[in-house]
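Let me begin by presenting the structure, written as structure tokens, before commenting on it.
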There are 2 protein chains.
Amino acid sequence: MAIWLDQAAEGFGETFAAFLTTKREVSDDVNDVVKAIIADVRARGDAALADYSLRFDGIDFSDVPMRVTPAEIDEAAAKVAPEVMDALRLAAERIEKHHARQMPKDDIYEDALGVGLGSRWTAIEAVGLYVPGGTASYPSSVLMNAVPARVAGVERIVMVVPASGGAINPTVLAAAKIAGVEEIYRIGGAQAVAALAYGTETIAPVAKIVGPGNAYVAAAKRQVFGTVGIDMIAGPSEVLVIADANNNPDWLAADLLAQAEHDPGAQSILITDDAALGHAVMSAVERQLKSLSRSETAAASWRDFGAVILVKSLADAVPLANRIAAEHLELAVDDPDALMAGVRNAGAIFVGRHTPEVIGDYVGGSNHVLPTARSARFSSGLSVLDFVKRTSILRLGPEQLRALAPAAIALAKSEGLDAHARSVAIRLNLEG
Amino acid sequence: MAIWLDQAAEGFGETFAAFLTTKREVSDDVNDVVKAIIADVRARGDAALADYSLRFDGIDFSDVPMRVTPAEIDEAAAKVAPEVMDALRLAAERIEKHHARQMPKDDIYEDALGVGLGSRWTAIEAVGLYVPGGTASYPSSVLMNAVPARVAGVERIVMVVPASGGAINPTVLAAAKIAGVEEIYRIGGAQAVAALAYGTETIAPVAKIVGPGNAYVAAAKRQVFGTVGIDMIAGPSEVLVIADANNNPDWLAADLLAQAEHDPGAQSILITDDAALGHAVMSAVERQLKSLSRSETAAASWRDFGAVILVKSLADAVPLANRIAAEHLELAVDDPDALMAGVRNAGAIFVGRHTPEVIGDYVGGSNHVLPTARSARFSSGLSVLDFVKRTSILRLGPEQLRALAPAAIALAKSEGLDAHARSVAIRLNLEG
């Protein structure tokens, strides 16, 4: 059973502050193991990959090639139900259209002095996409990572996915095919991250690695960060639903459980100004839990981290929402725009009663890779911007240099940097 | 003496590849020390800050307040030479104008189905700016970090700067004043990073920490990452100059030395198609080294990491530049635009012979916080984007939900997520 917090109760401020800092993840310290694996892959390349894949995934690269063949991808796609293929295609198309609008534009201009300034955006040349194995192997995540990379103009997208026991989820390969990913290796874990970062005989290195993974993958991404770029390190999923009295409790319960079924560390929170609705949703959750295939996971998440927060007025929900800074925020209220105007910290907002968060997981068009664990206070969901980088441009002629030189020389001297001052002064026969 | 690489020589490919992977930083393993300091600041707050400041900076907070007073800031600014104050004001104004153009725009729209989609940008609420003490305490860096944060709309900018022996560089305080930073604490090291991330009795926590620092500061930033956002972890500075025969060797030598004087780990590289120019620049570097106040640092950098690379043609310089992915790239050639078109990986490009990189350090208007150590392959310099975050927005009515529901349900079921399917189906009385 989730906790019940009442804004009107004594000590709510402290209770809420404590609730905010609840840890939902056991972070295993796997750094040493991961360090050794990375060093081994750097030293022995493919041979190390073969050893780890045999040991961890039970796959022998003398029987099966490390790289997934085009025929295998086609065969996998042929196995997927037509309605799922259609759904993947619809999702890919909507993701592509939405993300195409995110492409930043170059801005090259001259200022009043005649100084040329600018920003030029270019795609990252090669990106690695980690896809987990087993039940966390989500085809929708392949689309959410690969399509924006493709839209950004990344030429080489390399997917790695562990073939636990030899098998790769065919829908994952179908999603890769739809997203135009052709370079796929059946490797996983820290060894796959190391191979992407440093390269092996078979795999050329990439410049950035994205995608979710277990504790080993997360630790490996942290360790190779700097050599390559990485996306965020995502924690368990979370949803915050703000709801007024005019809601069907069953709809809201379903939304809360859709997060809870992801992970025992997932978190589902309802904020409402109506105690009766709060109680009705709690009952509905208990009822719906019974018929879920992942009821054990969902029940654990709801029991350990679920919460219903009763507020005096809906306006009071907004500052709480900003402190929670949820990955997903649903506004199931009569006037969602009024609340939305005050929301500042949220990964994504789902507006109105007919926008369940799940639509955003799959076919809304927006990205489902979003900041978790309150990091929406300082970071954003995955977008085309994660696959491009900006080069700044400066262009002076002799006249502009003359205009700016005295200030540059004064600052260089005040910082004790002689050679800096000279680099400007020497071009104008000034004293440096 | 720097190394000389000749594209025409046998084994150039291997030599260049080895040159690319040269490590220029000794990364001290200070993680355990930093971990203990962070834990202590979390546990004891201000008392821990007082202890560390006494021990490391020789400053006693029972004599001097931790927070720098407004009077102190005004007095510091009054001590700074008027031409330096003017130069700081000019720099701040140019940085502000340039960065204002970088503000991303909200994009809220309806697609053909009538689905509302969008991206909304908001400023991070509170940002901490770390400023190193001692000789690395650069007023220009205060402007480069604080002005973009201000432009982004960050309401609270907190500066920390260690007062080694009690003193803070007055020009740093003057720069803070010009940038509108009023909340300044005389603390530094890992303890200052911990205070910004977790807060103490005196210091409210921030959501993101930016700014350069030593190995302890860098390790602390890595450790608090997740609780707060951080900017890049910058390594030693570097410049790549591509030059044709028509250059004054003294100008180029001054540019190479302007990087070299920063740090023994800094790197200055010249690529030219003219051997005579290469030799002339090398001689000029030796000559100019003698008259620098930081000649020891610059000589060490040039000796250990400096390089002149002779190419057969200027066009051959471009792929090498993309592999080097330099923080700063100067194009000192007759037709810089021809080369620039092919450059993909560079933090900033300085176009033409009259644009010494040093102008960008101070008064160009572009940011001088740029990706080092080849990270321009996957990341960008500091900009307004580092101080805002994007919330994505999705809005469906009943009609749009009906249109997208079947695909969402098909994907949810194929991923084995019952509650996801139900959350959509239940709203339409469909089978979930």
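From the backbone N, Cα and C atoms, a Cβ is placed for every residue, glycine too.
Per TrEMBL, active site, proton acceptor is recorded for A:GLU327 (among others). Less than 8 angstroms from the CB of A:GLU327 (active site, proton acceptor) sit A:SER237, A:GLU238, A:VAL239, A:ALA346, A:GLY347, A:ALA348, A:LEU370, A:PRO371, A:THR372, A:ALA376, each of them six or more residues away in the same chain.
The number of other CB atoms found within 10 A of the CB of A:HIS328 (active site, proton acceptor), across every protein chain shown, is 28. Residues or ranges marked as active site, proton acceptor by TrEMBL: A:HIS328 (among others).
The NAD(+) binding site annotation in TrEMBL covers A:TYR130, A:GLN191, A:ASN214. According to DSSP, A:ASN214 (NAD(+) binding site) sits in a coil region rather than a helix or strand. A sphere of 10 angstroms centred on the C-beta of A:ASN214 (NAD(+) binding site) encloses 16 other C-beta atoms.
Look at TrEMBL and you will find A:SER237, A:GLN259, A:HIS262, A:HIS328, A:ASP361, A:GLU415, A:HIS420 tagged as substrate binding site. There are 25 other CB atoms within 10 A of the CB of A:SER237 (substrate binding site), with all protein chains counted.
Listed in sequence order, the residues of the same chain lying 6 or more apart from A:ASP361 (substrate binding site) and placing their CB within less than 8 Å of its CB are A:SER140, A:HIS368. What TrEMBL lists as Zn(2+) binding site is A:GLN259, A:HIS262, A:ASP361, A:HIS420.
Here the recorded positions are A:ASN214, A:SER237, A:GLU327, A:HIS328, and none sits under 8 angstroms from chain B, going by CB atoms. A:HIS420 (substrate binding site) is surrounded by 31 other CB atoms, counting those within 10 A of its CB over all protein chains shown. In the three-state DSSP scheme, A:TYR130 (NAD(+) binding site) is classed as strand. According to DSSP, A:HIS328 (active site, proton acceptor) sits within a strand segment. Among the listed binding-site residues, namely A:GLN191, A:GLN259, the Cβ with the most fellow Cβ atoms inside 10 Å is that of A:GLN259. A:HIS420 (substrate binding site) falls within a helix when secondary structure is assigned with DSSP. Over all protein chains present, the Cβ of A:HIS262 (substrate binding site) has 25 other Cβ atoms lying within 10 Å. Cα-Cα distance from A:GLN259 (substrate binding site) to A:TYR130 (NAD(+) binding site): 22 Å (rounded to the nearest whole number).
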